[in-house]
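Just below is one structure, and these are the notes that go with it.
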Amino acid sequence: MAGEDWGLIVVSFLARVGFFLFGIYQDANFKVRYTDIDYFVFHDAAKYVYEGKSPYSRDTYRYTPLLSWLLVPDHFFGFFHLGKIIFVIFDLITGLIIMKLLNQAISKKKALILKSIWLLNPMVITISTRGNAESVLCCLIMFTLYYLQKGRYAIAGLFYGLSIHFKIYPIIYCIPITVFIYYRKSKQGSRAQLTSLLNIGLSTLMTLLGCGYAMYKMYGYDFLDQAYLYHLYRTDHRHNFSIWNMLLYLDSANKSNRESNLSKYAFVPQLLLVLIIGCLEWWNPTFDNLLSVLFVQTFAFVTYNKVCTSQYFVWYLIFLPFYLSRSHISWKKGLLMAILWVATQGIWLSQGYYLEFEGKNVFFPELFGASVLFFLTNVWLLAQFITDLKTPLPVTKINQEKIN
């Protein structure tokens, strides 16, 4: 590892320590807490687990029990913020894997900038140090890709199954991953293709079913309902950038049961779009292109999702360094795209502040209008990404590597 990389790691570590310590100070001295509200849910659920009870005894805990298990040390050592340190560790490991996977053919200066997109990103640092668990999922996905690139398909499937167990959405990656392996093994014949696909497929399925069965045996239907089924009928009207925000809020208010028709079918355009984008791996079935396809696919998923909060952005930010390493978008256009993305977020957040902290009724037209503006901006960005993705990619060292 080069000296620049070690320097980047040290600076990124110190930045997270600084954010973490400031968060503790802010919680103690400011009206607005630094700690994410979800962290209190994780922490309380872990307390129930520590006491030998179900994490679902805690209202609004709607995640895999494995997450609550991770925070049991909070109560064993009696330190409320210990779980944040655990999330920061996963965050840093994610950054290290990104460093390992970045294309070796790019210049050192460009590579350092791209690595910094994750390791020195204020949004990424804030999310993990506030106690949000997205870093755990991001780490699992990065391990999946690391072992996929190494040709260790059974291990890749293990991490892929765990990532789907943590959150359902990574299942959308199965199409581009399948296409990549199929073409990677094409020179070795159909038997090698089938063996490799069976290795990762069976490993993924066994891990997913094994975790699911174990959690169901321990916690029963509560696990299925809260960890998975809830996300099919959930309707969030606050802290939500989604264009479905207002529509689902009004629709749920007019329904006597929790499963409104709009909520059940809101995922249809989203699903169709991510499936089509996933097939773009056929266009250029290389590992470089796979990482770029995953970025665009995840960006589309988050854009069209019926719930969209700030932490969801890290789902595609983990792929951004890889996408930019091969992008043909000019720096001027890229800067414009970044400004629009940030500015439209700022507009929405200003209205969200009036709603949450000043109690003003800004649902319509202010908050809804901000959601529409942010959505349209992201749709335009998505169009630019897809157009750029279809531009031919030069052959690089990582794409010519000898297949194990």
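In case you wondered, yes, glycine gets a Cβ from its N, Cα and C as well.
Unlike curated entries, TrEMBL annotations are predicted automatically.
Copied over from TrEMBL, here are the features:
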- 7-25: transmembrane segment (TRANSMEM)
- 76-99: transmembrane segment (TRANSMEM)
- 111-127: transmembrane segment (TRANSMEM)
- 160-183: transmembrane segment (TRANSMEM)
- 195-216: transmembrane segment (TRANSMEM)
- 265-283: transmembrane segment (TRANSMEM)
- 303-323: transmembrane segment (TRANSMEM)
- 335-355: transmembrane segment (TRANSMEM)
- 367-387: transmembrane segment (TRANSMEM)
Could you check if the transmembrane segment (160-183) is in contact with the transmembrane segment (367-387), meaning 3+ Cβ pairs under 8 Å among residue pairs at least 6 apart in sequence?
no
Same chain only, please: residues at least 6 beyond the ends of the transmembrane segment (303-323) with a C-beta under 8 Å from a C-beta of the stretch. Say none if there are none.
36, 94, 98, 101-103, 114-115, 117-118, 121, 123-124, 127, 132, 134-135, 137-138, 141-142, 169, 234-236, 239-242, 244, 248, 263, 266-267, 269-270, 273, 288, 291-292, 294-296, 345, 375, 378-379, 382, 385
Long-range Cβ neighbours of the transmembrane segment (265-283) (under 8 Å; 6 or more residues past either end):
172-176, 179-180, 232, 244, 248, 289-290, 293, 296-297, 300-301, 304-306, 386, 389-390
